[in-house]
Amino acid sequence: MPLASRSLVRLINSTLRTNTLIGFQLKCSASTQTTDLKEVLRELIPKEQKRVAAFKAEHKDTPIGQVTVDMIYGGMRDINGLVYETSLLDAKEGIRFRGKTIEECQAELPRAKGGEEPLPEGLFWLLATSQIPTQEQVDWVTREWNNRADIPQHVVTMLNNFPAQLHPMSQFSAAITVLNLNSKFAKAYSDSVPKPKYWEYIYEDSMDLIAKLPTIAAIIYRNLYRDGTAVGAIDPKKDWSWNFSTMLGYDNKYFVDLLRLYLTIHSDHEGGNVSAHTSHLVGSALSDPYLSVAAAMNGLAGPLHGLANQEVLIWITKLVEKIGKTPTDEQIKQYVLDTLKTSVVPGFGHAVLRKTDPRYTCQREFALKHLPNDSMFKIVSQLYKVVPPILGDIGRIKNPWPNVDAHSGVLLQFYGMKEMNFYTVLFGVSRALGVLAQMIWSRALGFPLERPKSLSTDGLMALIAAQKKAAADDKPKA
């Protein structure tokens, strides 16, 4: 990342930490008495609309950076081209959810009775409002999602008739797509609802979709791996993650807590990653949340995005097959060097981060507490010690540290979920929290259709040539 971009992100994060942004103060001053999330948003949105409008009017022509040819050919990395409210990723600090680090979220967000990890319901409230919710507000979200969780029969019928060979993510995306039959936003738009009210119907669809995702995921899991057994009923007195775990067929309280942690930390990673950007792009066409999230899931299914944790586990499994369950550091080092001759070490490195991913760190802490003697976890720990120095010595690798994918698969395997093809579905259930919270704000702030300008290689060459000629013409003659 160019120095200017890194400095800009650090400045933004510093400002968020000290709560000096007017908008942050406005959001925190909103009423915290009501437990109705929609009413809290109804109070926050007009203030934010006014603030953004004033900012745009004052700074609409202010440049915020440069775009180089390398950036254009390099996947648009480091181009500041999106407004994404719910999270911000810093190369040195990792992700912040509305200014809060993962560690702060773990400490401040409400937990289930007897649980040790934050409830995803609370994280969604934070993403949507910038406020740390009360226990009562989180309980309200839980009840809302439990009440909205019923799956239409046509979706159940479709899921039950998919061929067993169809990948879980393909099934997941298809089910989300056909849920749009009942989209409240799509109906409201066809009825010519005024634009200022778009966000209200996006909110309703978002709450409905989040509520239904665990049941859809559980049906897919049981159809593929548990002989089509029934998922059972939602327990209205239990939280979102507990019900999800139970529907999957897991009743271990530590697995439930792991799921709470997993669904929280995978929820959002600013707006430039494939799934978040896809939902933002598709949503800008005023496609409803079901279509937008389905598109995001198709992006998440790619091996360079959501399938990465599966690839890590496959690589570690092959390591064990070759050098055993208790390898020495030297054996692991040689295995890593052999891997680097033909490919990369999965689970290490990140497009933005330049430190150990905080999402990796919190999963490591969970493992140290609950499964310190597990052989696979010990190998993960050895890799944490052995791999970064090797990658650092190579020189051409910008970030030798582990990312979130380096750990999650081993934790799931420990508790008995060994079906690696399903892991990305868990990721998708979580990622919906972030992209849908952002979609509510995208419509509330009236973000337009996303339409960047593209250039062909010939066009880019012609542009550079024209710039060089203009610079030469402007140069004073001797």
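We number each residue from 1, going along the chain as drawn.
Note that Cβ sites are derived from N, Cα and C of the backbone, with glycine treated the same way.
Quantities reported herein were computed from a predicted structural model and do not represent experimental measurements.
Per TrEMBL, the features are:
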ACT_SITE  His305  active site
ACT_SITE  His350  active site
ACT_SITE  Asp405  active site
Field: Whole-number Å value for how far His305 (active site) lies from Asp405 (active site) (Cα to Cα)
entry: 10
- line: Students should find that the Cβ of Asp405 (active site) has, within 10 Å, a number of other Cβ atoms equal to 25
Task: Under 8 Å Cβ to Cβ from His305 (active site), same chain, six or more residues apart: give me those in sequence order, or none if nothing qualifies.
output: Asn273, Val274, Ser275, Gly299
